[in-house]
Amino acid sequence: MLFNSVTFFIFLAAVVALYYAFPRLRMYVLAVANAAFYAYAGVGYFLLFAGIVAIVYAISKGLGGSRGKLALAGGLAVVLGNLFFFKYTIFLIENIERALGIEFDFAGTFLDDRMILLPIGISFYSFQLIAYLVDVYRKKLEPSRSLLEFWVFISLFAHSAAGPILRGNDFLPQLRRIENVSFIDRRFKLGIAFLLLGLTKKLVIVEFIAPYVNEYFGRAGTLTGGEAWTAAYLFAFQIYFDFSAYSEMAVGIGFLLGLKLDLNFKTPYLSANPNEFWRRWHITLSQWIRDYIFIPLGGSRVANWRIYCNLIAAMAISGLWHGAAWTFILWGVYHGVLSAGHRLYRRLLKGRKVEAWTATRVYKIGAVIVFFHLTVVGWVFFRADGMQEAMYMLKQMAAIHHIQLTEETKKLLLVVVALYGLHLAESFIVSRFGKFIQAWRIRVPFVVRGAVYTIIATVLLAYLFKGESSSFIYFQF
Amino acid sequence: MSGLRKKRRLAFIRTAIWTAVLFIALQIGISLYVKLDTVYHFRLNYNMFLDNQQSIEVVIDEISNTIEKENLQDYIILVGNSVAWGTNEKSDHSLGKYINELSGEQVVFNLSAPSMQPGDIYTLLLMLDRKGIRTDNLVIGLSYSAFVERVNGPRAVFWLGDYLRELDSEAFGKARSQLVHNGYEYRTGWEYAETKYLHQALSLLPLYRYKDAIVSHYEEQKDGTDLLGDPRPWFEKKYTEKKLQDPQYLNFFNPKPFVMSEENWGVFFMNRIMEHQEGKKTLVFINSANGELSKKEIANPGYQDNLRKLESYFAETEAIYLNLQESIPSDMFTDHVHLTKEGNQKLAQLLWQAWNGEVN
């Protein structure tokens, strides 16, 4: 069920109404709602999801016992086995075939058409389950008290399809107090505001950009340098607005239910370096990678060369998590190299006079511009249909002295500038959100506020009714 | 509750009520804005219909409102394909315009649309019944191709399959596999229920109901014309041999003998149309093809035999049948079948004479 569909809003209204009407039954309301939300995408995949959750719950009971290690290994095997089967089987087969120069014959088997449909949210729920198993095993988290509680935690419809990746320590305590959550109109309004913000980003901005991105990347092998840059810039904003829209709607749904879900984005294109970027982009995934991959690999407590290798390895895994393709792995490696490179750069500057200069505003602005462009370059790997297309586009983009702009690319680059302006505006508004809200409530008469709300509702409904809604990009992961 | 919280909650409720009032007022405003001429001008707005076939409900509603408001008793319904709609000409030069000029006070409502098949026409009649619009006077415009064997399309119900499913499940059941085979999306279970009931429920909201009507009307106003296609006569355009060998073009005149039983989807739905029209005045005309451009195809004995078969078929019905072949001069065509402004005028005259029994 897409967040940007009428059906979802009817579903959400029903869930919220039942949630507040029957406080003692809230866990049951959410459990059924989560099941319905997931089953809407396919009953088979819902049964698989429910089965995996039940098995992991049963296994997790043994994590604290004498055979805890075995239970952990069993739990991880189930979760990773499920993820690998659905997400990486075909990728693995194709790479073995390519390496050995052979072709397996799958005629008459389930791999006949060389396609396995990916269950929605599998990457997200797998990481969440892994975090749970590891945390309980390390005794950093008190295990879930019931299957019902565990199911609601893992499958909450607000985040089951594309995050944020919730941690047990943050979320389970909230579920344990759920019966006491009272209706607070300020929180409810905040929830609505987040929902509307996400919906506006998706329906107005993303739906406007997407056709151009699809058209350009659809003919990636024939793009000029100007077109390749335009496509990469536009995709940078498409993926940001698309994913942050989903994440903000998830946070908004949380507020409606009196639950706090983590924000996944904080205007990431204002980052001056890779560290900052990963603190602003897909925050819950970055934290997961840090806690469950980078730190276990040795983190920052090992020799420098190992840190660099760990950074690259962790980011490569992050890339592979996104999709079973070499372009995603390369995207991850690219960001790993950027992180390692930046770490090396900081080390080289340390103690030198020029280090002080890096704290100036001019340097910061320059660094933001440079790093934004490095990010845009990385998105080419992420979005291109294949390695050949990605390399071709990058080659075209690199030949800067040959770049010529058509009337269309000129217009689209103006759109890119406007989108960056929106990004800046978002940062400005979010950092002063409390003041704006207060001024809006106190200084603007209710007659004007009502008129503005009516216009917003009308415009968003008109977009919502427009026709087939496009899916969120991260639903495919 | 503290005084401040109480004050805030009151402000929240006041704003919410005001927003609701404005929203409802806006819905009323939208309802009042959309009238028959928003969606119809001697023919329906095809771009609107193309974007969303459900928008035909708005056209039917507005026709119904007009009939009621103006207390019309003796109106005529015209249903057909692109020729009756007026492809390659604007609405002010279409059949709908000219036939209304000739009919005087007897209003003719033209519900034709390009690609309409006998299955769509039958469905449309059922939709009109549902809305209480009488079809006592009905003119049906068809092409020869409506009876050609459908090997790979077009769908027997090209546009209105969902409505047929709702209004005549038996006929739909029989046609279903042909429709699905040719691209009809047959939804079942929850998906079907969701699509159907969501549409029904949302249709109560004018913003949803009239969204396509308003957007299309605005775009038409912006473009300044509702012309679809090229109005120049065919001889001013390039017709290469390659174009005249196009399979779609050739299939239009397919000389293979018509099977005049219900195996033929054209006959299947015409039988239902004729049952529906029992005791009502109905005229069926078969569009003329361009006698010059398509001379070779028209002269084919198979083609001529098939036209005779159609004549025999309609002779056994109550309908007035009009085969327009060779009735419209070739210089009044914009292509192999569509007409110029003068062609539409001529067609209107021929139909009006036949309707009044002046020619048969």
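Every residue, even glycine, has its Cβ placed from backbone N, Cα and C.
Per TrEMBL, the stretch carrying the note transmembrane segment among A:292-309, A:328-345 is A:328-345. The stretch in closest packing with the transmembrane segment (A:412-434), judged by the count of Cβ pairs under 8 Å and taken from A:6-23, A:35-59, A:114-134, A:190-213, A:365-382, is A:190-213. Of the ranges A:71-93, A:190-213, A:233-259, A:365-382, the one with the most Cβ pairs under 8 Å to the transmembrane segment (A:328-345) is A:365-382. Contact between the transmembrane segment (A:35-59) and the transmembrane segment (A:114-134) is supported by 3 or more Cβ pairs under 8 Å, counting only residues 6 or more apart in sequence. Touching of the transmembrane segment (A:190-213) and the transmembrane segment (A:233-259) is concluded from the presence of at least three CB pairs under 8 A, sequence neighbours closer than 6 excluded.
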